[in-house]
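Listed in TrEMBL:
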type	residues	note
DOMAIN	450-559	domain 'TMC'
TRANSMEM	136-158	transmembrane segment
TRANSMEM	234-253	transmembrane segment
TRANSMEM	332-351	transmembrane segment
TRANSMEM	371-392	transmembrane segment
TRANSMEM	404-426	transmembrane segment
TRANSMEM	459-477	transmembrane segment
TRANSMEM	564-586	transmembrane segment
TRANSMEM	630-652	transmembrane segment
Amino acid sequence: MELSELQRQGSAIGDSYHGAQQSVRLRSKSVASNQNGPLFDWCSFPTERGEDGESEPVQDLRERPMPMRLKRAIREVQQMRVPVVTNWQSWKRSKAKSLRRFRADTEGALSSIALWRKALLNIGGQFGGGVQSYFIFLRFLVVLNFLSFFLIAGFVLIPSIVFQITSTNNTTVDSSGKEDCTVYDPNPQGLVLFYQYFLDLLSGTGFMEYSYVFYGYYNNTVADSGSFHYNLPLAYLLTCVFYFAFCLICIIARMGRALRIAIATGSGTVGSYSKIVFTGWDYGCQGDRTTKLKQKNLHYQLQLDLEEQRLQKKAASLTLGQTVGLYSLRMFLMLLSITLIGVAFYCIFKATVFSQGKNENTGLLGLIYEYLPSIVITAGNFVVPFMCDQIAQFEKYSPSTTIIMALLRSVFLRMVSLGVLLFSLWSSITCFDNLQDCRSCLYNHNQYPCWETRVGQEMYKLTLFDFLITVAMLILVEFPRRFFVDHWSCALTRWVGRQEFLVPSNVLGLVYGQTVVWTGALFCPLLPLINTLKFFILFYCKKVTLFSNCRPAVKTFRSTTSTIFFLVVLLFGWGLALVALIYSLAQIHPSWSCGPFRSLETMWSIVPNTFYTLSLTTQEFLFYMGSQAFSIPLFISSCVVLCYVAALASVYGRSVDLLKAELKMEGRDKHFLVKLIDEQRRKMGDRVDTFDTGAPN
C-alpha cells in the first residue's frame, strides 16, 4: 500500500519536475563536460608550483568539493610522497619563494610608511569608504605633484641655480631682436612699502615676478664644459613634455586598477540587490553612529533601485503626447541651463579683459583688479551649479541620472571657464581684435612685455585664491554654521542642520585645482610645489571640518562614488591643459625680453634646431625611428598584440557569462528543490492529520 502511494507521489513529482528538469540536465551536462578535464592527482606534491610561482589550480584541495576526512587522507598521501625534482626546478622554486617573500615585505614596508595611513583608516572607520575615497584621491594628487616637482627641480631649477652661480663656461644663445621688443624691467624701483611685499606675494608681481617661480627669470643658457653639455632651453621644454607624460601614465595606471575592480565586481541591475545585501556592508565602520549611517545608506540604495525601476515602468507606460511633452520640458530646461553657463562664460571673458586693462593700478585696488577673473570664476562655480541643481528638480529624471547631469554641468562649467580665461588672455596677447599692436614684436609687447609670466601669474592667482576661499569657508561659514546648529534650537537651524560632506563636489574641486596646475606648469615651473603645499594643508582642513562640522551624505549614488568617473574627469582636465600647452608651444611667438626661448620663432623651434646639431649617425637613427620602415611594422605588431588581448578578454568574458548562467541555473534548481521539499512536508503533514483523525474510527 505504501509502495503504490509512493509510486503515485513519484509520478506527481515527475510531472511537476518536468519544467525544471531541463535546467538540471543542462547543469549536469556542464558538470559532465568538466569531468573530461584533468582530475585530481593523488600522487602530486602538495607544494607543487607553476613556473610563475603560483599554486596549480588543479592541485588545490581547498577548492575541491570533498569531505574533510577525504582531504586529510589526500594530504597525508601527498606528504608521504618524496618529490623528484631537478636542480633547475629546485632553483626556480627557491627563487620564486624568495621573490614572493621580498614582494610581501616590500608591500608591508610601503604600507607602513604610506602618507596619512592611520588618518585614512580612521576616516574610513568613522564615515565609510565613500568619504575615504576623497582623501585617498587627495593623497594621490599630493604624491603626483611632489614627484612632478622633483622632475622639474632636477632638470630645470637646480641646473639654473648652478649655472647662475658658476657662469664661467656658460654661453647665452643669441637673443638679438628689436630694441622696442626687448624692454622688460620687472624689478621695483625706489622705496617699496612693507605691505607692498604682501600684495606682491598674493599677486605674483614685484619681487615674485622676477624669481624662479615664473618663466621670465630663466635664461637661454647653454653650459659647455669639456665633455659636459647642457642645453637649458631644451631641458625646459622636454621636462614640461615629460611632466605631462608622467601624469598621464599615473592616471592611466590608477584608472586601470579601478577598472579591474569594477569588472571584477560586475555592473548592471542584474543581481544588484544581492550585491547590496551580501557584499554592501563596510566592515571598517566603527561605533553605533557609523553603523546606523551605513544601514541608512544601504536602505537608500535599495530604495533608489526600486525607485528607478518604478520610474522606468512609468516612462514605458507614457503615451506619445506625454512623452513629447516630457522631452520638450527637458529640452527647454537644458537650454536654460546652457544659457546660465554661457552667461557665466561671458562674465569671465569681460572680467579678464577689464582686469588686463587695469595694470597701472597699485595698492589694494590694484590687487582687486588682479584677482577679478579669479573672483568671477569662483563665484560662477558656486552660483551656476546651485541654480542648475534647482532646475534639475523639474526635469523628472531618475535620482542617478539627476546627479550625473548635475556633475556633467559642473565639470563643463569648471573646465570651460578655465578655457575662456585662457582664450581671453591669448586674444589680448596675439592682438585678436587689433593686429596693428602686434606688427613690430609679433605679440602685444606694450601690454605684455613677458606674456608667459603674465599667464603664469594668472594660474598662480587661481591656485592661491582657490586655497584662500577654502580656508575662508572653513573659518567664516562652516564653523559658525555648526555653532548655531548645536547651540540654537529653532525651525531654521533644524532645517539647515549640519552640512553634508559631499564627495562629488569636493573631488571636482580637486580636479579643477589640478587642471590649473597643469595649465600653468609651463609658465610657472614651481606651481606643482605650490599645489603640493596647498593640497597638503587642504587635507588637514578637510579632515578638521569633516570630524567637527560635517556629516556624511545619507543619500549616496553609485555614480558619484565611482573612482573611474573622477579619473575620467581628471583626464579631461589633463587634455584641456595639453591643448593649452600645444598652442603655446607651436603658435604664439615667445617673448623677446625674457625666458629661455627669447631668440626663437616658437618654443618648439628649439627641438629641430638641436636635432640638426647632433651627429649624422644619431640623426639617421632618429629619422629611421620616424620613417615608415619602422612605424608600419610597429603598428602591425601593436595591432596583433591588441587583437590577442581582445580575444583573450572575450574568452574570459564568455567564461564569466557561462559561470553566471550556471549560477542562475543552480539557484533555480535549489529554489525548485526547496519548493518540492516544502510540498512533500505539507503532504506528509496532511497524511498524518488524516491518519490521526481516522484512528478512533
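Residue numbering: from 1, along the chain as shown.
Placement of Cβ uses the backbone N, Cα and C atoms for every residue, glycine included.
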Check the transmembrane segment (371-392) against the transmembrane segment (564-586) for contact, please; criterion is three or more CB pairs under 8 Å, pairs 6 or more apart in sequence.
no
Which whole-number mean pLDDT does the model give the domain 'TMC' (450-559)?
85
For the transmembrane segment (332-351), distant same-chain residues with Cβ under 8 A (at least six beyond the ends):
372-373, 375-377, 380, 383-384, 387-388, 391-392, 394-395, 409, 412-413, 416-417, 420-421, 423-424
Which bits of the chain, at least 6 residues beyond where the transmembrane segment (136-158) starts or stops, bring a Cβ under 8 A of a Cβ in it?
115-116, 120, 212, 218, 232, 235-236, 238-239, 242-243, 246-247, 250, 254, 507, 510, 514, 517, 521, 525-526, 528-529, 531-532, 535-536, 538-539, 542, 563, 566
